[in-house]
Amino acid sequence: MLINQPQGICNCAWETGSLLCLYLFLFVLQESESENKLDGETASDSESKSEFGGSSPVPTSDDTPEVLNRALSNLSSRWKNWWVRGILTLAMITFFFIIIYLGPMVLMTIVMCVQIKCFHEIITIGYNVYHSYDLPWFRTLSWYFLLCVNYFFYGETVTDYFFTLVQREEPLRILSKYHRFISFALYLTGFCMFVLSLVKKHYRLQFYMFGWTHVTLLIVVTQSHLIIHNLFEGMIWFIVPISCVICNDIMAYMFGFFFGRTPLIKLSPKKTWEGFIGGFFSTVLFGLLLSYVMSGYRCFTCPVEFNNDTNSFTVDCEPSELFQLQEYNIPVVLQSVVGWKTVRMYPFQIHSIALSTFASLIGPFGGFFASGFKRAFKIKDFANTIPGHGGIMDRFDCQYLMATFVNVYIASFIRGPNPSKLIQQFLTLRPDQQLHIFNTLKAHLVDRGILGSLEDA
């Protein structure tokens, strides 16, 4: 099935790209913080050396492409790192534009791929740190549980958002009806396989890794599933939050580099209060600007829906009130400062303040958590997937926390009853059930005087 791309989606990508290029280009200037992540070792760090049998650091290697190594061989290590990060950043910008142009379904596929790679990176760390080479079925069971959890979450998503399509196809209808039972049966199979794999000399280690796998599933798979839900609400709910996290990361570094004097947290010695505060105000301003640009394009604001007439997924709709310009009165205190009494803006821009505030004040704690995790196991990065940037998880440590907040925010303050979903479910009921609901609704409308007024009209 295909997505009907709205006309002008190229313009959407390029208009948004003008702002995305600005902060992503600044990312080239950001010196790799990971170079000093193992500096400033504390007493708690030294204790971790002796935990779990004195595990040694996970080895890392330089995965910089050979062509870049040759081209930059005459530069110092610092400038070589800047150039490598810059070139790879431009490549990621290009890739980002391409997937935006291809539409939300491609974005969802990318999220799925990122989830799998993040899971692989974390599981590999556990495999190396705990010396799990001799554990029977460990990797097989880890990937099996990943498959089970994804089957459960994506099955729930398909049933929820594409109810009509599911009811039209007999195999999908059967799978949907017994989805949770099938998911539970699959998990029980994996659980029994784990119990059968227990061997006497590895009991404790096997349970360590069982817990490791499940915590990884909770952190990675659950939150990537929430990203998919955010995308179904409209691409703007994906792009604005992820952009605010990136902007805050860059601006906090810039303010800290030029003005930083006061350490923020011992876990990350290079973080400063000046950078933290400067990143906050910069991110709020950036979120307002990016939201204003994107709110004018339906391809970003419309939810992904299944069109029964064309048998395809569409991202075209009449903009909701969130994405229609409205006039707001400026507080009297600020009128003398700005010289305006009113301002025209999109309601979504007000919500963007909440998103950017979370991205700048709470989002960094996802990075602090990842830093503590890597420090505990004496590793520099989660992997060497992206030369100069570390692993995929190193780029998404704050994004997962942000995705959870966005999903909770939408459910709490944005999403309301969906008439189309109610009608879809109503049409799948038996005739006697439909008639009962019809009579109940008719009596309710008559009592409120609505049905009579409509008939008179």
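In case you wondered, yes, glycine gets a Cβ from its N, Cα and C as well.
Nobody curates TrEMBL annotations by hand; they come from automatic prediction.
The transmembrane segment annotation in TrEMBL covers 12-29 (among others).
Under the heading region 'Disordered', TrEMBL lists 38-65.
As annotated by TrEMBL, compositional bias 'Basic and acidic residues' applies to 38-50.
Residues annotated as transmembrane segment in TrEMBL: 82-114 (among others).
Per TrEMBL, transmembrane segment is recorded for 135-154 (among others).
Residues or ranges marked as transmembrane segment by TrEMBL: 181-199 (among others).
Among the features that TrEMBL reports, transmembrane segment is placed at 206-228 (among others).
The annotation transmembrane segment is assigned in TrEMBL to 234-260 (among others).
Summarising the annotation, TrEMBL assigns transmembrane segment to 272-294 (among others).
Residues or ranges marked as transmembrane segment in TrEMBL: 348-370 (among others). Non-local neighbours of the transmembrane segment (348-370) in the same chain are 236, 240-241, 244-245, 247-249, 252, 265, 267-268, 271, 276, 279-280, 283-284, 286-288, 290-292, 295, 301, 322-323, 382, 393-394, 397-402, 405-406, 409, 413-414; each lies 6+ residues outside the stretch with a CB under 8 Å from one of its CB atoms.
Through the fold, the transmembrane segment (272-294) approaches residues 12, 15-16, 18-19, 23, 236, 239-240, 243-244, 247-249, 251-257, 259-264, 300-301, 345-346, 348-349, 351-353, 355-357, 359-361, 364 of its own chain, all at least 6 residues removed from its boundaries and within a Cβ separation under 8 Å.
A Cβ distance under 8 Å defines the sequence-distant neighbours of the transmembrane segment (181-199), meaning residues of its chain 6+ beyond its ends; these are 135-137, 141, 144-145, 147-148, 151-152, 155, 175, 206, 210.
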